[in-house]
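Peer 1: Could you have a look at this structure, given as structure tokens, before my questions?
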Amino acid sequence: WALMLLLSVAVPIYGSHAPLLTLCKVDGAIPFSSTSMVVLVELTKLMLSLLFLLARAREPLGAAVSWRHAVPFALSALLYAANNNLVVHMQLFMDPSTFQVLSNLKIVSTALLYSLLLRRRLGPRRWLALLLLLAAGVTYSCGGLRGPSDPSGMHLHVTPVGLLLLSVYCLISGLSAVYTEALLKTQALPLSLQNIFLYFFGVLRNLMGSLWSTTEGRFLEGFSLWVLLVVLSQALNGLIMSVVMKHSSNITRLFIISCSILVNALLSVALFNLQLTLLFFVAVACIGLAVHLYYGVT
């Protein structure tokens, strides 16, 4: 898990997503279609997985491949697509700051489903570590970074419908991750082939959504070098996370996501002159203690 943490955090792949998106903005707005970017991310992951499979073509597959291996990944793609759409619709019932804070609850939902569905017992010490991860995410979201013109206080706004959608979002987020991990581990197939199945359905589903969308403009309209970097970083992140779920667990994935806020913060300070607040250091302390409790204490 330490190697995956290094690749996703120290080499800023996961944590660079938000700063790179900010650099993509033109006059304060995103100039490209988010649907087009998602299609390109899925297509890039598919092509890279195909290259990895071809590079290992001489190695035996380990099992006879049939359509029965591929079909279950359609459900994974559907769950991920539903989650992505929920993120968009939830913005209508809560402000972005509230979503950033409350979305950390998916740490708890993922851990619960991981424990229940995969029958992995997490002791009290490890549950405490996961709660510390939740506290770190909420603390950082509440004001770990501050700009010169940002208000000193933070006010959360969410409607009852927003809370309902948030609950569904956390449930589907955890379910999609745990279901995909179970698929990756139960099939005796190379990870690159399993990724091809998953990302094929992802490309198909998102292409259908792109064609269904009424957004005007060309497919690649508004794209720049920064957007291509976002696409590449997200594709690499997806591939790394599949390695984590195949050979480690979704719990490790949660730790990687939480640790990535350190990179996110440092990049934001360097690129946008934002200031670290006391809450950032509280979040760092919570993450450090959580890592120690979960991985360092026997």
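Glycine is treated like the rest: Cβ placed from N, Cα and C.
Here TrEMBL flags 1-15 as signal peptide. As annotated by TrEMBL, transmembrane segment applies to 31-54, 61-81, 101-118, 127-146, 158-184, 196-213, 225-244, 251-272, 278-297.
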Peer 1: Taking residues 6+ outside the transmembrane segment (127-146), which of them lie with a CB under 8 Å of any CB in it?
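Peer 2: 97, 100-101, 104-105, 107-108, 111, 154, 251, 254-255, 258, 261, 265, 268-269, 274-277, 279-280, 282-284, 286-287, 289-291, 293-294.
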Peer 1: When you check the transmembrane segment (61-81) against the transmembrane segment (225-244), do you get at least 3 Cβ pairs under 8 Å, counting only pairs 6 or more apart in sequence?
Peer 2: no
Peer 1: Applying the under-8 angstroms CB criterion, which one of 101-118, 158-184, 225-244, 278-297 scores highest with the transmembrane segment (31-54)?
Peer 2: 225-244
Peer 1: What stretch in 101-118, 158-184, 251-272, 278-297 has the biggest tally of Cβ pairs under 8 Å against the transmembrane segment (225-244)?
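Peer 2: Answer, by Cβ pair count: 251-272.
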